[in-house]
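Pulled from TrEMBL, these are the features on record:
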type	residues	note
ACT_SITE	277	active site
ACT_SITE	277	active site, proton donor
DOMAIN	97-281	domain 'Glutamine amidotransferase'
SIGNAL	1-24	signal peptide
């Protein structure tokens, strides 16, 4: 009798356990199902503006996903600095790595599901010794051209290119083997101001930037620079395709008082290039005082992050399911902490893609 009672109690316990587990799974799935929330309404808080001239409401994607390019780390791994991921997360977006070693077809498919792309800074060569574009820069060129096509089709699709990314999008505009990016600047570990051009009046990037930030940008050293390479204004002006496609919005000066282009913006596409590092102001704690960590410098970087993600909110590309998002999200990649303690990185093992 006691053994039968024990068995019955065990059966009841297992049934209750199964039901509770099933309810938990159903509840979890229910939370995940409404993955993409896209509405048509005015976005009064968006820094980039989100209503048409006639007041018609526009699309707002409250769950934008940004693709961030990986770059070579060593012979067996690629990486993304965590500061770029945090930069887009700061403004309410999620990050997905764009594996630059993937096939063109795979990259094209992934880009079709994203709401914006970020080309990060780094030390990957932009050109080979013979002047031709490296494989990494060619993949950047592929995505840039694809994004332009999306915009021409009426799909608002932004790109933010930082430092090396800025150099890649400008160099890829030059004729084959023409040297656009010059390795002759001394702007490593420097905080600089930016002298703005008259074309700022035509800029979306600066259209709603608060006056005190514009003033600080010109008068205070609130941009962090870490580059030897750069593009001179006269070189920029030399190429008609650059002049016709991009506004040169501002310049900075290196330690040798050499002038280089600091900010560009495409005239017909939501593509923005920065020679400086806005993400460093907020998320880099290197053991030196050069990175601008003032309240104004932080606010400036936050404005840029919010602007970029507000641009991405105008894009309703989407993944087919939450599972697909989860498979691609960078959150599933372990962070690695370097011994120097400067900044953690996401490291990706190179797979056999042959």
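Every residue, even glycine, has its Cβ placed from backbone N, Cα and C.
Around the Cβ of the residue listed as 'active site', the same chain contributes 121, 162, 163, 223, 224, 225, 226, 284, each under 8 angstroms and 6 or more positions distant in sequence.
Taken as a whole, the domain 'Glutamine amidotransferase' (97-281) shows an average pLDDT of 93 in this prediction.
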